[in-house]
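Features reported for this protein in Swiss-Prot:
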DOMAIN    13-181  domain 'Era-type G'
REGION    21-28  region 'G1'
BINDING   21-28, 68-72, 130-133  GTP binding site
REGION    47-51  region 'G2'
REGION    68-71  region 'G3'
REGION    130-133  region 'G4'
DOMAIN    212-289  domain 'KH type-2'
Amino acid sequence: MNEIKTADNAKTYCGFIAIVGRPNVGKSTLLNKILGQKISITSRKAQTTRHRIVGIHTDGPYQAVYVDTPGLHIEEKRAINRLMNRAASSAIGDVDLIIFVVDGTHWNEDDEMVLNKLRAAKAPVVLAINKIDNIKNKEEMLPFITELTSKFDFAHVVPISAQGGKNIAELEKIVRESLHEGTHHFPEEYVTDRSQRFMASEIIREKLMRFTGDELPYSVTVEIEQFKLNERGTYEINGLILVEREGQKKMVIGNKGQKIKQIGIEARADMERLFDNKVHLELWVKVKSGWADDERALRSLGYMDE
């Protein structure tokens, strides 16, 4: 990767930070809060993030490159689950700092599995105890913190609210202190290394998660078939939603097409905010049986590029 040289000879600092944890503890929400905008999709469903998302936060001489990973989990029956675990595990290897995000309200066997993987990590680990806004009596956290710090030698322990922003500044201060002197890897205006095409597919997938609730399992993905700027300066985006069964297709389309229409309206609005440009979005739904267990299909959909 080409490094970015500054105009003067002022010292600059850069480093890589992995955000890890089990599914649905708020990793993507934390990254979005740090960056000040949404680049990593969120929903109440676990395992919303399927790819390693790189978020870039440049503040004067400091550039922190964050890797938001899929949630690590024990279940590995399907090819897509194995690939997500592989992506999350590989992110731990070559970073300057690891932020281990846990839910302050409970701990489970997936948390324990992540913690065991961190024992092999060379980088210092910060324990970020999230969702503290859901804990009325903060003294109740003390036994939880004591138990976790007895399990692992954390460099820092920071109770946070990724949603509300509580103690995020303190966490960012720890991140800055972990950065090494060196030239920045990305231009100052970059907030992610992902393409607009990729971000469009993620936005559509987020809306699918939100509008189908628990009706639709995780055997759904989005392929962008067209992404172009037309002569009027509008992005023309065609998204193909892949599901595994005919019944799932009906769920996505909804009664008289109302659900897919709402998904399209919300996705287009998010794209226009992110791309700062007018967007014309068209969506289709197609049944592709067994795609989540087919490594060739996963490769073509971008799940094996990491």
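Numbering starts at 1 and runs along the chain as displayed.
The backbone N, Cα and C atoms fix where each Cβ goes, and this holds for glycine too.
Other C-beta atoms found within 10 angstroms of the C-beta of I132 (GTP binding site) number 19, with every protein chain shown included.
Listed binding-site residues: N24, T69. The one with the lowest count of other Cβ atoms within 10 Å of its Cβ is N24.
In the predicted model, the region 'G2' (47-51) shows an average pLDDT of 47. Cβ neighbour density within 10 Å is lowest for G21 among the binding-site residues G21, K27. I132 (GTP binding site) carries a helical DSSP state (H, G or I).
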